[in-house]
């Protein structure tokens, strides 16, 4: 063994770099699908302003991950120009393999114990009045990352007491007690996306369970009715209108306050194809239907994303609840 190591150490042959690990190894076997040309109503301005660069520098300096970059969000230029960024905690590698998502998949690294403080520091430096924190799925962790969420919320509260906190969580499937840990940290908004209608889960979101996600949102309200709840879906995946309307009913039965609906955009040829681009007038019709069903707030446009305009939407949420329901209810320990 020593001889082999000596030979390797003295080897002067040119080093051959190992091939980069594919971003989505589980999708390698999938046939390529054509990426359709986007219609005019989905075009966005390319990022590159001074404020955008400043936001990027703060994110890099704190060695943070943002879902804006990892998911290829089309609104990154607009949001970062306003110094808004959605922080993605617990690494850049997800343990799920959803057919729509551009986030890297595989076996994640260990948690960074300093990450909550790094996020809090970036929030303070950016001067955020409202921050959105999301994460990859961490099925490898006993609590799914619930304690890490809790610590991040607490760190932000310490560093920026006036900042409201919105979280976008995974489903904590088969992680008993995890949700209770996160809710106890008292985020101002608890967001968990259904992503699509139940009939599409097998092909679009195979690692999740639709009614588990609905129940998760319902349980948040049972644990603390003062927390706003929010969920979002993508359209253009082949769903029917009646399926979307039924999904609205399911969310209202769980007392969800805020619904977002946006156009699905295909990240690569290996991802789920865009079945169609839904025109703006159909988004408007979805918005009208959702408001009629009792949602406090609805955002339904082709470029709507969960965190887009989150700060402004939080102010609108508070105003809508006050106008419709009166002062916020008092939390009851469950």
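Here the Cβ of each residue, glycine as well, is placed from N, Cα and C on the backbone.
Keep in mind the model is a prediction, meaning the values are calculated, not measured.
Feature annotation from Swiss-Prot assigns compositional bias 'Basic and acidic residues' to 12-33.
Annotation comment: Swiss-Prot describes 68, 73, 79, 307 as [4Fe-4S] cluster 1 binding site, evidence class sequence analysis.
Over the domain 'Radical SAM core' (80-296) the predicted model carries a mean pLDDT of 96. If you look up Swiss-Prot, you'll see 80-296 marked as domain 'Radical SAM core'.
Per Swiss-Prot, the feature [4Fe-4S] cluster 2 binding site maps to 94, 98, 101; the stated evidence is sequence analysis. Note: residue 98 ([4Fe-4S] cluster 2 binding site) has non-local neighbours 195, 204, 205, 206, 207, 208, i.e. same-chain residues 6+ apart with C-beta under 8 A of its own C-beta. In the three-state DSSP scheme, residue 98 ([4Fe-4S] cluster 2 binding site) is classed as coil.
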Report summary line: Residues sitting within 8 A of the centre of the 94, 98, 101 CB atoms ([4Fe-4S] cluster 2 site), not counting those, run 96, 97, 100, 102, 103, 105, 136, 137
Query raised in the report: Among the binding-site residues listed here (73, 79, 307), which has the Cα closest to the Cα of residue 94 ([4Fe-4S] cluster 2 binding site)?
Result: 73
